[in-house]
Amino acid sequence: MRSRFMVCIMSGARTAPALFFLGCSALALGVSSASQEHREAEYYVAAVYEHPSVLSPNPLELVSRQEALELMKQNLDVYEQQVMAAAQKGVQIIVFPEDGIHGFNFTRTSIYPFLDFMPSPKLVKWNPCLEPFRFNDTEVLQRLSCMAIKGGMFLVANLGTKQPCLSSDPGCPGDGRYQFNTNVVFSDNGTLVDRYRKHNLYFEAAFDTPANVDLITFDTPFAGKFGVFTCFDILFFDPAVRLLRDFEVKHIVYPTAWMNQLPLLAAIEIQKAFATAFGVNVLAANIHHPTLGMTGSGIHTPLKSFWYHDMDDPKGHLIIAQVATNPQGLTGTGNTTSEMDPSHRKFLKILSGDPYCEKDAQEVHCDEAAKWNVNVPPTFHSEMMYDNFTLVPVWGTEGHLQVCSNSLCCHLLYERPTLSKELYALGVFDGLHTVHGTYYIQTCALVKCGGLGFDTCGQEITEAEGLFDFHLWGNFSTLYIFPLFLTSGMTLDTPDQLGWENDHYFLRKRGLSSGLVTAALYGRLYERK
């Protein structure tokens, strides 16, 4: 039986009214009949705000500090309204998006008037709201600090910061200053708790990469330790994975300015996948500019999500939800499937046989596959996410398919209760991704194609009708595998089961409530880039 949290998840499609999420969070807050003290010990109330920022009309033009402050004030006024709305709901921590205060597309010179001076919180204990004259050029930090006090909550925001450097510093830029894309964390009394400087910049010429990776955590009285990183960082070992590996972090605050890219890297898709893969809570605030493909925020636990994705409404959106202080992961929580289940028994039988496959001229021949599919479908190639995937079509009401690339072989065991007039394909890619960033991936992906032609597989689509019961698995060379799962209408879904079996990583799902858009296992080989 689905919990009330799950009802919130399944109802969170992009067409839902904005006010639904406030109703959803209120429902979630009312599910426990335990005492107030007991609830506070097990849950906290979080908020993320997807912000349609006021942007500079000409980010390449050099403006005065006062003009920059006037533009940023418009965004900060909205932030304060959202803080006060969140305070009315008992929110204890709120997260705002990357670039939400100053905007983007600046040069190194044109962004300078928008930058605040940033002292190191590790060296200086400072409350900007109560000590506004301690440092020059800190107006944005002062405003954020006062918001945290006024709302009585921890506050996480992103801004541009500057730090003077000496010519004796070999890394010091020629203009004598470092410029950083910075997240700041304020406690509920306005104290600057810490700051994180983005490490993996995404074509951001205005900013510098810090010489050393910031591994930033902060403690809260309501949920313990949080970790911090920004946007593109989510795809890299440093700082994202190292934070979770080396620190006891169960909660991530994640400002982002993410441009959606289907079928594998929509904002809510990767946010949810990260939470599920690592068994942590992710509080993700994205910027809201649908004309640029930028939308998708959420409060994600490993098993449940409250999210927002809307490519039509120009307004911003506040998500509020109750979050477990000790998140329960999808693996190791008693969800192991009985081997008496016919589909899982068949999956285990195929694995135990581990059919011998030969690759010849880009085609894969597997003796065992033919036993499940009398007519072995053709192998073809199509571009997906700028990578050359090898694919096979998914035909018929049931079957077992395999497709290989380099060292990775992907399998799909499936049953379809009804056939839709759509083309689906199973794809594999094992190689270096080189467009819009360079990083090595191993990917097994079941995707709906854009049309009925093979060349449409990999296109960006959001609506689908095809229903599947399936196991998807592969012989991955990495332990870091992210389960991507989207259904029709940009709706998130959760696998029934994930895990390793006979050196293969698998995802299992039965009973989809809407058509499948993407089900993928997205592996990252960090050591290869």
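Cβ atoms are placed via backbone N, Cα and C, with glycine included.
Residues annotated as active site, proton acceptor in TrEMBL: Glu98. What TrEMBL records for Lys198 is active site, proton donor. The annotation active site, nucleophile is assigned in TrEMBL to Cys231. Sequence annotations record features per position, and here TrEMBL assigns coiled coil to 62-89. Marked as domain 'CN hydrolase' by TrEMBL: 58-342. Taken from TrEMBL, the feature signal peptide applies to 1-34.
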Number of other Cβ atoms within 10 Å of the Cβ of Cys231 (active site, nucleophile) across all protein chains: 26
Spatial separation of the residue listed as 'active site, nucleophile' from Glu98 (active site, proton acceptor) - C-alpha basis, Å: 8
Separation of alpha carbons, the residue listed as 'active site, proton donor' and Cys231 (active site, nucleophile) (Å): 9
Sequence-remote partners of the coiled coil (62-89) [C-beta within less than 8 Å, at least six residues beyond its ends]: 22, 25-26, 45, 47, 49, 51, 53-54, 56, 96, 100-103, 109-110, 112-114, 137, 139-140, 143-144, 147-148, 150-153, 155, 157, 316, 318, 320
Spatial neighbours, same chain, of Lys198 (active site, proton donor) - Cβ under 8 Å, 6+ residues apart: Glu98, Phe180, Asn181, Thr182, Asn183, Glu204, Phe207, Thr209, Phe229, Thr230, Cys231, Phe232, Asp233
Per-residue pLDDT averaged over the coiled coil (62-89), given as an integer: 98
Neighbour count (Cβ, 10 Å) for Glu98 (active site, proton acceptor): 27
